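Participant: Once you've had a glance at the structure underneath, I'll fire off some questions.
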Amino acid sequence: MSNRYTLYANTLNETAKLFYQTKTKLTLVLTVLVPVLAAVMLGNLESGIGIALGRDFPQLMLGLFTVVWLPLFLFMAAAESFSGEYAARTIKLVLLRPVSRAKAFASKVLALLGYLAVLLAVVWLVSIAAGLILDSGTTLSGLADSAIAYAAAFVAMSSIGIAASFVAQWLRSGVGTLALCVFLYVAAKLLPFFFPEAGVWSFLAYADWHTLWVGDAAGAGKLLQVFVFLLASCMISYTAGWYLFEKKSF
């Protein structure tokens, strides 16, 4: 069996396990409901607000999800995929397959990123549909900008998801890992208020970098700089997580 096929097959298996979980199904339902309920509430306000938000509604939802919901969903998925299996000792079943630890770790991370892509796609599609109801003309005119923003958000959220996979190697409790991820996330978000220079070196400070891709908010040099920084953060977190996964005794 080729190495590429082994990784592909194991990634499919990890993805299936993730999406079969009740938590994942509830998360997908919530991902649909939040934009729908937001659109209903906005639609009940004065008509002027509905027209003004038609173009920006998908990006309004993206801002909400990247700050709160997507990080939380990624923390939950990473905690269940790694620490949850450590606690239940089902990780041994993964390692009994003809797959190396490096590929087992890679397949779990790839499944997590696939989950992120699905969540972003659901938010975008539902938000576009809701935006069309609010104001079809302005929503269609902003379609390209919203697509670019959501693609950019995938990069920023990937850095958070991979970092959560790294943190998940520290504990053998899913609940403990989730609590620790939330604590570290909140602490990292609050730190720049006390030490402004810390925000420059925190990849969490760029969770909303998708806003830089809309219009002329930033030049190509700035976008490339942040992209390289986020990519480096992903590589560091992935390498550190893989190293700990390799050294773990199950």
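Glycine is treated like the rest: Cβ placed from N, Cα and C.
Note that TrEMBL annotation is computational and uncurated.
Owing to the predicted nature of the structure, the values given are computational and were not obtained by experimental measurement.
Quick paste from TrEMBL:
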{"type": "TRANSMEM", "residues": "26-45", "note": "transmembrane segment"}
{"type": "TRANSMEM", "residues": "57-79", "note": "transmembrane segment"}
{"type": "TRANSMEM", "residues": "109-134", "note": "transmembrane segment"}
{"type": "TRANSMEM", "residues": "146-168", "note": "transmembrane segment"}
{"type": "TRANSMEM", "residues": "175-195", "note": "transmembrane segment"}
{"type": "TRANSMEM", "residues": "223-245", "note": "transmembrane segment"}
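Provide an account of the burial state, proximal residues and distances for the features listed.
Facilitator: Distant neighbours of the transmembrane segment (57-79): 18, 23-24, 27, 30-31, 34-35, 38-39, 42, 112, 115-116, 119-120, 123-124, 127-128, 130-131, 134, 139, 142, 145-146, 149-150, 153, 156-157, 160-161, 164-165, 167-168, 174-175, 177-178, 181-182, 185, 207-208, 210-211, 214; these residues of the same chain sit at least 6 beyond its ends, with a Cβ under 8 Å from one of its Cβ atoms.
Beyond its flanks by at least six residues, the transmembrane segment (146-168) meets 58-59, 62, 66, 70-71, 74-75, 77-79, 81-83, 105, 108-109, 112-113, 116-117, 120-121, 123-124, 127-128, 177, 180-181, 184-185, 203-204, 206-214, 227, 230-231, 233-234, 237-238, 240-241, 244 of its own chain at Cβ-Cβ distances under 8 Å.
Long-range neighbours of the transmembrane segment (175-195) within the same chain, counting only residues 6 or more positions beyond its ends whose Cβ lies under 8 Å from a Cβ of the stretch, are 71-72, 75-76, 78-79, 82-83, 160, 164, 167-168, 202, 204-205.
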Participant: When you scan the chain for residues with a C-beta under 8 Å from the transmembrane segment (109-134), skipping those not six or more beyond its ends, what do you find?
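Facilitator: For the transmembrane segment (109-134), the sequence-distant neighbours (Cβ-Cβ under 8 Å, at least 6 residues beyond its ends) are 7, 11, 14-15, 17-19, 24, 27-28, 31-32, 34-36, 38-39, 42-43, 50-51, 53-55, 57-58, 60-62, 65, 70, 73-74, 77-78, 81, 140, 142-143, 146-147, 150, 153-154, 157-158, 161-162, 164-165, 238, 241.
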Participant: Using a Cβ-Cβ cut-off of under 8 Å, list the residues of the same chain that are 6+ residues beyond the ends of the transmembrane segment (223-245) and lie near it.
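Facilitator: Counting only partners 6 or more residues beyond its ends, the transmembrane segment (223-245) has Cβ contacts under 8 Å with 82, 101-102, 104-106, 109, 155-156, 158-159, 162-163, 165-166, 168-170, 203, 206, 209, 212-213.
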